[in-house]
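Novice: My structure is below; once you've seen it, I'll send some questions.
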Amino acid sequence: MLGIDKKDRNLLVVVAVLALAAPFILNPFPAGSELAQFNAGYPDLMQRFVIFGIFAIGFNILFGLTGYLSFGHAAFLGVGSYSAVWMFKLLSMNVLPAIILSVIVAGLFSLLIGFVSLRRSGIYFSILTLAFAQMSFNLAYSVLTPITNGETGLQLTLNDPRVLGSSATADGSIPVTNLFGLEMRSTYEMEVGAWLFQFNAGYYLCAFIMLAAFYLAMRIFRSPFGMMLRAIKTNQTRLNYTGLNSRPYTLAAFVISGMYAGLAGGLMASMDPLAGAERMQWTASGEVVLMTILGGAGTMLGPVLGAGFIKYFENIFSKINDSVLHGWFAFLPDGMENALVTIVHPFVGKGWHLTLGLLFMAVVIFLPGGLIEGGQRIAKMFKKKKGSSSDDDSEHSPKQAPHVAE
Amino acid sequence: MDAILLQTLNGLDKGSAYALIALGLTLIFGTLGVVNFAHGALFMIGSFCAVTLSRLLTLSFETVDPTKTDFLGNPAKVKTPYVEAWFGPEAGGTIIDWAVPLAIIFAIPVMIAIGYAMERGLIKHFYKRPHADQILVTFGLAIVLQEVIKYFFGANPIPTPAPEVFKGSFDFGMLIGMDANAVIYPYWRMVYFFFAALIIGGVFAFLQFTTFGMVVRAGMADRETVGLLGINIDRKFTIMFGIAAAVAGLAGVMYTPINSPNYHMGMDFLVLSFVVVVVGGMGSLPGAVLAGFMLGILESFASMNAIKAIIPGIDQIIIYVVAIVILLTRPRGLMGRKGVMED
Amino acid sequence: MGILEVKGVNKRFGGLQALGDVNLSVQENTVHAIIGPNGAGKSTLLNCLVGKLIPDTGSVMFDGQSVLGRKPHEINQMGISRVFQTPEIFSDLTVMENVLIPCFAKRDGAFRMHAYESVASEKEVIERAEAMLEDVNMLDKRHMHSASMSRGDKRRLEMAMCLVQEPKLLLLDEPTAGMARADTNNTIDLLKEINEKRDITMAIIEHDMHVVFSLAERITVLAQGTPLVEDTPENIKGHPKVQEAYLGQAH
């Protein structure tokens, strides 16, 4: 079924269940309890999980498979956002045309940048993509202000000449984004005992698209095309002497990952119709690199995991302030409590980036395969303890797994 | 004519900073073969060395001055820096005023120590790893360093002035016989340029005329052979890392009066410095210096109103455009050697 | 008319004349060795044949078409496969995948956007790759990570990757360089076996005489960038010019 083998199908099912049940899974603590601040099951954050998941899945198709490290992918995300907002301004508040346009525009833009950048490899490629992205960012801030609205960012106004739809609603406010009438912001709330679960239309749209994107990436990984991309990463010389032209393969991978980024940008704008240049800055490109590596570059699940991990902790860590810390360590004697709070303080709250940086370094140094590799190692340890036959557990890593000719 | 001169001069200070950072990057890359994304952070730390010293020097104690009263009528508290108390108000004041140049002395050991620790503690383990891994781990380190600085110094820029003597500008045009007020140039920028020239000259002389430098240059050209001669090249390269860190740090120290230091300035400069290194040619020291000044000056020209009128926004993108054009037409940069980083 | 015709090829690197007026004709279904001392221009000549270098003057015709100005992948698609001095394989991939890639290249050409089909569903290609691995006695290793194999196995795998494309001409660049005697003999046996099993044209660049005389049907001796003689192994063995150029310099 679906043209994938059993292992992949199971993985897809797991991801689907996780994505669809996220409002439950991410809200394990009763509303109003002290731990409720660690709940992540609210629409805004859940949307970010899956949108950045899409972004990272796409980035992984380029970096994970071909090894070309792009430092400019945020540019495609930004372009996608701008296109979507313009679609809302000019055509309709329906998200479908906006998303389609953002994918197309990002695809064309990445075709252009990829065509030039892929003439070089290694660090030169990284610098070229970085240069293009910074250029787009600077232009969006300056000359392109009529299109991007500069520093303020592109927003909807009451005077937008929307062809299909009205400029303003009956009560004089800006219309909201919808999918054929289903408003993206509409949320169904369900109370079960002390728990409150939120089911948001926008989140589910993003989640379904993420699942489709994940499935598509899976097909690419298992296809001859994906195999060629991995071959490029390993040995381009041999590839050329085997009669294959590496340039169109890398360009195709670049454009596909650019379109994924555009899709993420389009979705971002669909959830909250505004777009700013800071989405294109190189730190934003760096973020998707972090997500992919942290989760595990070249693995199927890694990037999604990395995206979720970073976005979750970014949100949660920034909420941990000193009073929370005091709460945690309250059982200790006063002196120790204060000392511990002082030690932990720089790493939480506003210090989240410090933790992220350290974590990222640790992953690069000790776990080049990312969280996925960590998980595999732990799984192996358990297997050994149990003493069962240790079949090579490499389910998500295309590097080691022989998927073919079974 | 005077406009051209003015823009050239204006480009010099930024060009000097680019050249200094790119020089350090290239030293590290050429000797250790490591792509160091944390190099911008070293520049930033240098700047904060100046900030730290100026804060240390202005550490004060409070005394009550009975002759004055504050607006509530109470006796006013007067802050006196310890330095002034020790050396007298005159000399102490001068020392505080000269905090930035004095920070050079302070920064050199600090930066060398940081560089040494970085190399021994982290970079050493990445010589054999792919370049992508080096980029990633130093990128992580850069984030960590800038967050640490942010934790101690806050997120806002900290203005740190130049000594009183160098404040203000002088009429450079008059000096070379042009009309008055045609070319006005701030003193400190001139100082920065000469300082950069001195450092660059010093590094080149060091590499050219000392035995140490000779070994390092030989090692840059052919590491294995030098290793076979029984010379412990790794040790020398470690020291080079310290020197490169010091160069970046000093560039940062002296840049503080031009640009108030903030925690993310390193990243801002790093992106441009990498472009500079690539344009100059990976691994070429003269290329890095040349490209640094060239891009600084080009950037300054592009910000002229006359040019912006023809091509709007060119000042924002000129460096990147140049980088892209050079990379595509001269893959090894202006002065790059064959076979460097082409895998 | 040979399958590969090299006429009047010159190549200079700065002041160094690497190849001077090289003429060479490789006949179909023969094993042709190109020998010569170090620095004779063997590798330069090879690089001119596969598109890595472009000669200054002269022509290189393969199967009636010029190869000059074509990129390596285009030349491979014309039917020339190359074995490297140190085995070039896809070391992050499994043995099976290593052989599948040339199969796809042979079937689909230099580029095909087959991103949605699954490799596992390409039954014909898989069968072909398996048959090839069977041929070189590596079928049991097909799921192995190719980086972890011995050098001899890597060489064998690379050979399989080239052969599965059914090239019209197989170029071998010092296939036994740096090998121990036993490995060299194994490689010779492998090549002999290949040559017996299928009608294949091979051009071997080599300076190990033992290898050359065990395999070659024709030998061209290259010295200082120019062919000295071309003849059968028997005649080459006793040729005074060859002994002078080759042995004279080697000893």
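Any Cβ shown, glycine's included, is placed from N, Cα and C.
Unlike curated entries, TrEMBL annotations are predicted automatically.
From TrEMBL, for reference:
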type	residues	note
REGION	A:383-406	region 'Disordered'
TRANSMEM	A:45-63	transmembrane segment
TRANSMEM	A:94-116	transmembrane segment
TRANSMEM	A:123-144	transmembrane segment
TRANSMEM	A:201-221	transmembrane segment
TRANSMEM	A:248-268	transmembrane segment
TRANSMEM	A:288-313	transmembrane segment
TRANSMEM	A:325-348	transmembrane segment
TRANSMEM	A:354-375	transmembrane segment
Novice: Would you confirm whether the transmembrane segment (A:325-348) and the transmembrane segment (A:354-375) meet the contact rule of 3 or more C-beta pairs below 8 angstroms, pairs 6 or more apart in sequence?
Specialist: yes
Novice: Counting a contact as 3 or more Cβ pairs under 8 Å, with residues at least 6 apart in sequence, do the transmembrane segment (A:94-116) and the transmembrane segment (A:354-375) touch?
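Specialist: Output no: the transmembrane segment (A:94-116) is apart from the transmembrane segment (A:354-375).
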Novice: Any residues 6+ beyond the ends of the transmembrane segment (A:123-144) with a Cβ under 8 Å from its own?
Specialist: 68-75, 78-79, 82, 113, 116-117, 150-151, 277, 280-282, 285
Novice: List, by number or range, the same-chain residues at least 6 past the transmembrane segment (A:201-221) whose CB is under 8 A from its CB atoms?
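Specialist: For the transmembrane segment (A:201-221), the nonlocal Cβ contacts are 2-4, 8, 11-12, 15-16, 19-20, 22-23, 43, 46-47, 50-51, 53-54, 57-58, 60-61, 65, 95, 99, 177, 179, 182-187, 256, 260, 263, 267, 270-271, 300, 304, 398.
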Novice: Counting only CB pairs under 8 A, let me know which of A:45-63, A:248-268, A:354-375 has the most with the transmembrane segment (A:288-313).
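Specialist: By Cβ pairs under 8 Å, A:45-63 leads among A:45-63, A:248-268, A:354-375.
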